[in-house]
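See structure below.
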């Protein structure tokens, strides 16, 4: 029996040694497999990031290629008055800002994301192809060195032109909402300093992209202007090919569907309906009028949904003060464009493209962002500092008001110069002999305003709401910015009608365009003062708002665990394309 026991012990030892040897053999294989998975995932993320940046570059080229030439095309080719051309341009930009929200909602609720992005690519291509049909930007079609004149009447040209703008704006909205959403970046676990740094550098990259586009458009207009109309649809095709590659490679980011715009609007509508029926808003133990939408008070929405909407509604005053600010920013492609077009663009025989002036408004932003990063690092590193981005927004809006005021004085200065003849789009125009670079200060001030306002507003709209509705909050900020474009068009129409064209004239040297700028500057100053009075409501951004909110609502506690479970389903099912550090 002793020999049997000894034999059994020896067998156990042999088995244990064999198991140890097998585990040692398997461990490197598992480590190697894990390394391969992480390496392939990082390679796929890098490829998706490069494709995303290329798509955004192509989309901005087509967008700014349309915006930079619209006023000149409308006034010279379609015979529009200046105010009409400015309104068309503002409405196109506003529509292009609102369509991402609409397309995002359609992708969530009605149509699949892949089908919808294919439809939007087709609409974008259709819109850009129709533009050369109406000789946009400002050249007729050339085939084999033969000049083919257009046979379309003015009415037909306008119909095709507006249809092209509508389809192009819908396509732009789909690309921005599905292919290039801001939610594709990993911002959920970032602190205040990291978020502010991300938004600063994100908009820095966006404006660097825009600067490259404006320089390219300026060069094309100066050297091979007639080819720009055909280059826009070519870039649209290139963008479609890159996007199709992203679709086939499963690189289209799929956002979370925890909340939607319909839910937010439903909570607001339900609360308003209950208030109107009961003829009271703050009675019956209700501390906030939105509480009427809760199930406990006769509504049909949960505690989580209503509390999320309440935190979002707290940002509405801040968003409302961005409307007039966006109207001022829209002066670059409208009022400032008209001033530049009616100034001297000739420099020793070289005609400066009007699009080149837009670069002047981007340069301050490219310079200021690194400086702001250093300032933010110093402020956040000092203990006990209560740093709030609201001061940036107030100063930025003040800079925008000063820019419009300077534009008024520049207009008075421009009209003191004698008039000279200048050829634009084969049309001889009487313009001021003042060099267009005299208008640079107003462009620079608006560039400073953008560097201060846009990143800070995005930070507040992202930071001050629960994690589950951060995408909705950014959608609402976009809605208010788009409304600012349409309000700008409404102000131009109202001022033109009220002054019988004197404050927004067709011939600038015969009217008083400076009065329009002074009027807009006074509105913007009042807007800035109003924002300053409520800025203290958004100072406390250092608290961990999301954690506090989740702690009070048990329904949101499993979200982190659920996210951890679904992280490895696919690269783009829940995980973002780029982290903030990779982006920077």
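Positions of Cβ are set from backbone N, Cα and C atoms, glycine also.
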Stated TrEMBL location of transmembrane segment, expressed as one of 35-60, 113-138, 269-294: 113-138
Of 391-409, 410-428, 429-447, the range TrEMBL labels transmembrane segment: 391-409
Range annotated as transmembrane segment in TrEMBL, from 181-200, 201-220, 541-560: 201-220
From 61-80, 561-580, the residue range that TrEMBL assigns the feature transmembrane segment: 61-80
Chain residues outside the transmembrane segment (350-371) and at least six past its termini with a C-beta under 8 angstroms from it: 64, 68-69, 72, 200-201, 203-204, 207-208, 210-211, 214-215, 217-218, 221-222, 332-333, 336-337, 340-341, 423, 436, 439-440, 443-444, 446-448, 450-452
Cβ pairs under 8 Å between the transmembrane segment (87-107) and the transmembrane segment (472-496), at least three: yes
Same-chain residue ranges lying at least 6 outside the transmembrane segment (315-338) that approach it to Cβ under 8 Å: 67-68, 70-71, 82, 86, 89-90, 93, 354, 357-358, 361, 393, 396-397, 400-401, 403-404, 407, 439, 442-443, 446, 449-450, 453, 457, 460-461, 464-465, 473, 476-477, 480-481, 483-485, 487-488, 491-492, 508, 513, 516-517, 520, 523-524, 527, 530-531, 534, 537-538
Other parts of the chain folded back onto the transmembrane segment (159-179), taken as Cβ under 8 Å at six or more residues beyond its ends: 52, 55, 59, 62-63, 66, 78, 88, 92, 95-96, 98-104, 107, 113, 116-117, 119-128, 130-131, 133-134, 136, 152, 236, 239, 243, 246, 252
Most Cβ pairs under 8 Å with the transmembrane segment (227-247), selected from 113-138, 201-220, 391-409: 113-138
Leading stretch by Cβ pairs under 8 Å, where the reference is the transmembrane segment (201-220) and the options are 61-80, 113-138, 472-496: 61-80
Spatial neighbours of the transmembrane segment (391-409) far in sequence, C-beta under 8 Å, 6+ residues away: 318, 321, 325, 328-329, 331, 335-336, 339, 372, 439, 441-443, 445-446, 448-453, 455-457, 460, 514-515, 517-518, 520-521, 524-525, 527-528, 531-532, 535
Tertiary contacts of the transmembrane segment (113-138) (same chain, 6+ residues out, Cβ under 8 Å): 62, 65-66, 69, 72-73, 76-77, 103, 106-107, 150, 152, 157, 160-161, 163-175, 178-179, 221, 225, 228-230, 232-233, 235-237, 239-240, 243-244, 247, 252, 254, 425-426
